[in-house]
Amino acid sequence: MAYATGITFASRSILPICSRTFLSPLRVASLLVFPEKSSATFFRRVQVPHLFSTSTTTLFSSVKCSIHSTSSPETENQAVFRPNVVDILEERGLLESITSENLRSACSDPKVAPLRVYCGFDPTAESLHLGNLLGIIVLSWFQRCGHQAVGLIGGATGRVGDPSGKSLERPELDADTLEKNIAGITKIIIKILGSNPSPGGSYVIFNNYDWWKDMTMLDFLNKVGRFARVGTMMAKESVKKRLESEQGMSYTEFTYQLLQAYDFLHLFKNEGINVQIGGSDQWGNITAGTDLIRKILQAEEAAYGLTFPLLLKNDGTKFGKSEDGAIWLSPSMLSPYKFYQYFFSVPDVDVIRFLKTLTFLSLDEIKILEDQMSKPGYVPNTAQIKLAEEVTRFVHGEEGLKEAIKATEALRPGAETKLDWNLIERIAEDIPSCSLPIDRVSGLSIVDLSVSAGLFESKSAARRMLKQGGFYMNNERVDDENKRVDEEDIVEGRGLVLSAGKKNKVVVRIS
């Protein structure tokens, strides 16, 4: 059984701390929940060089690590108290279904070893998105309650595509794209689960391509196919919806649930992983796994499934999409500033619910914020600021949060922060921009410039905004519609920022 207490990227190498050793369940529990009390325990780091020059599909199977421990019989017999993570998830609106109530009791039973809980992520893009974040948050809750979090990268299943919640078959990805996506997603999981504090501090990552790459069709039919019933597979909601649609369903997609079921069987049998989590649309795939474990291993009530609700807005639409597309978790695909702004813009009707599901703030603290929102002295967006700060910190760390706050303050109309070109260049990736020659900008009326830059559709619209007091240049309000741009208005001779109200902005570069 492999236990990892942290993995971090170091340039082109990866430093794991894990173990493949024989410890009693209670000893493992004490290591996971109270690592600081195990002063006699030490870890040997093994460096795996050239992370991106080797196949990421075999990266984690090649890692060999050790835990050396000098435990006494007394410490092995110590019971460990753990908060009941299922109760916590239920209180915060993060619990949809569980396969057995025995999972709830196992979560806090001091006589039961810590659970090993996994969530799967197919590498369909180079980054995870906001829809995947709930899975990481639930994993982190298990981590914080003393259990081990496991991320499963779908290096094999990503080549097939999960039909759950999809109206069309996913496009096929080539090997190079898959490798790139696997590396990107792995890096995100490591950054988030490795950077945030937890009592166990424990997580590990697997890639299911490691056990699928050598399996033949005959092996699959013998090991999995003969235990599957077509009627049961047809009854899955994800299958029924697709079969009723005009597009139908390919055989490849139809067998996806068996691939995911075998993943659970393999992890349960070989790694001692006994809980699978996923969104509510994964219920059919998860129960296919628990059924397969029961049939093949005759293991009753030994493997569990847990689902959480999909992230929805108050109007029932999915939360996690913007006008520009998905809300990515990778800073290279969506800056921390833009990520922060998305949560800052959450309406009042949704913000308290999202504070419960997307942050680790105590429910008491959230209740205080909720009560304040209905009082006369409440400062608008206080709850949204807290939500944006907490989620941005969890995903991008303290540095990412600082970057987001700095950019937000610098772009706030009327802000006293002096704009510099380096800051403007960074935020220009997240807001509309245009390039104009100096002879077209210098001496041009501010109204004409705003139309040429695309901030307004017409001069009359620009004048209306100006009269309403919502027209800004470099965060300074423009009151005179006859104002013309001079050299002092151009930041470091390279550009300027025009704003219409709080949200609509454009960067004008001087070419």
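Using N, Cα and C of the backbone, Cβ positions are placed for all residues, glycine too.
As given in Swiss-Prot:
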- Tyr118, Asp162, Tyr256, Gln260, Asp263, Gln282: L-tyrosine binding site (BINDING)
- Asp122, Lys321: ATP binding site (BINDING)
- 444-510: domain 'S4 RNA-binding' (DOMAIN)
- 123-132: motif ''HIGH' region' (MOTIF)
- 318-322: motif ''KMSKS' region' (MOTIF)
Rounded to the nearest Å - Cα separation of Gln282 (L-tyrosine binding site) and Asp122 (ATP binding site): 13
Separation of alpha carbons, Asp122 (ATP binding site) and Tyr256 (L-tyrosine binding site) (Å): 12
Tyr256 (L-tyrosine binding site): tally of other CB atoms within 10 A of its CB: 23
Gln260 (L-tyrosine binding site) and Asp122 (ATP binding site), Cα-Cα, nearest whole angstrom: 11
Protein Cβ atoms within 10 Å of Gln260 (L-tyrosine binding site), excluding its own: 28
